[in-house]
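Notes follow once the structure below has been shown.
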Amino acid sequence: MKLQLIIPFSFLISYVSAHTIFMKLQSGGTLYNTSYAIRTPTYDGPINDVTTEYVACNGGPNPTTPSSNIINVVAGSTVNAIWRHTLDSTPANDATYVLDPSHLGPVMAYMKKVTDATTDVGYGPGWFKISEQGLNVATQGWATTDLINNAGVQSITIPSCIANGQYLLRAELIALHSAGGSQGAQLYMECAQINVSGGTGTSTPSTVSFPGAYGQSDPGILINIYQTLTTYTIPGPTPFVCGAAQSTAKSSSTSTAKPTSTSTLSTSTVTKTSSSAVASGTGTAAIYAQCGGQGWTGATVCASGSKCVVSSAFYSQCLPS
C-alpha cells in the first residue's frame, strides 16, 4: 500500500543540511558564551533511537564535551535556549543558521533535580516537562517554524514552586520530516547545567525517565506529517504547572502558543510538490527515511524506487532512485 506524501521542495534540495544544536543559554539578561554550562557536541546530528541513554542529553553518535560551569537561574524567570545549525553558524555565514524549514515538529523543555549538575549522567529517572509547543491545527504550523522565525530563541519559564538547587535543563526539538519510517524521527537535545534559587519548594513534580518517556511507535514519534492533521500528540508527559494536578500522561496538542521573545527571522516561502512513498515494513526504510550511519541500528534496505545515499559518516537517507 502506498502513502501519498507532500514533500516540501526545500527538503528535496537540502535534506542533509539542517541539523541543530542548543548551544547557548540566556538568563537574567546575560547571554552566555557558546557551550558555557551546556554539554554540546561538535557534530550537529540527531538521536533516532529513543530507547538509548543518549536520548537524555545527547552523546553516542554525537559525543558531547563536559562543562564545569553552572548558570544561576531564578525560579519563575524566563530563560532563552539558543539553537543554531552548528556551533559556528550565524545569519551571515549560514542560510539555515537555526534549522532547515523542512524539519517540522515540536519543541519542548524538561528539568531534572540533581546533586551535582556538572557530573550527573543525565539519563535515568527524575525528568519533568516544563514547556511544550507542537502543531497549531488551525494553521498547520509547527513549533519548529516558530523557532526559526524567532531566530532560534526558545523561551522557557522556570517553575516558581520547585525546590532550590542544581538541575539539568533539557531543551529539545523533534524533526518529523522522515518520521513515517521506523526510527525516522530526529531528536535534537542538549542539557544545560543550572542552579535554581528563589523557588518556594511547595511542589514536587511527577517525573519520567529518559530513556522511557518516549516509545519508538508513539503517535508523536512515528507519524506521516505530509497530510492535514486534525491533532498531534506531543511525545512525553504533560508539562508540570505549579498548583495544577500532576500527571505524566500524554496529551494531544493543538498548540497556538508563540515564543515570548520578539526576535524574528524572515524565511522564504516553502513550495510543496507531490510525491509518493512506500510505507516501511520489516527491514525496509521508507523513502526519505534514514537508512544508515554510525550507530544506526534500523533498516538499511530502502523501499522500492529509492536508494540509500550516504551524506556523512553519521547519516544516510533513502532518496528516489
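Each residue, glycine too, has its Cβ placed from N, Cα and C.
The shown structure was predicted, so the numbers you read here are calculated from the model rather than taken from an experiment.
Going by what Swiss-Prot states, the Cu(2+) site holds His19, Tyr188, and the candidate of His103, His177 recorded there is His103. Swiss-Prot names the disulfide partner of Cys161 among Cys191, Cys242 as Cys242. According to Swiss-Prot, Cys191 forms a disulfide bond with Cys57, chosen from Cys57, Cys318.
Take the Cα of Cys191 (disulfide bond) and measure to each of the binding-site residues His19, His103, His177: the nearest one is His19. Remark: Asn195 (N-linked glycosylation site) has Ile70, Ile71, Asn72, Val73, Ala117, Gly165, Gln166, Tyr167 as non-local neighbours, by Cβ distance under 8 Å and separation of at least 6 in sequence. Reduced to three states, the DSSP call for Asn195 (N-linked glycosylation site) is strand.
In this structure, the C-alpha atom of Asn33 (N-linked glycosylation site) lies 20 angstrom from that of His19 (Cu(2+) binding site). Inclusion criterion for the recorded positions Cys57, His177, Gln186, Cys242: a C-alpha placed within 10 angstroms of the C-alpha of His103 (Cu(2+) binding site); this criterion is met by His177, Gln186. Counting every protein chain shown, the number of other Cβ atoms lying within 10 Å of the Cβ of His19 (Cu(2+) binding site) is 23.
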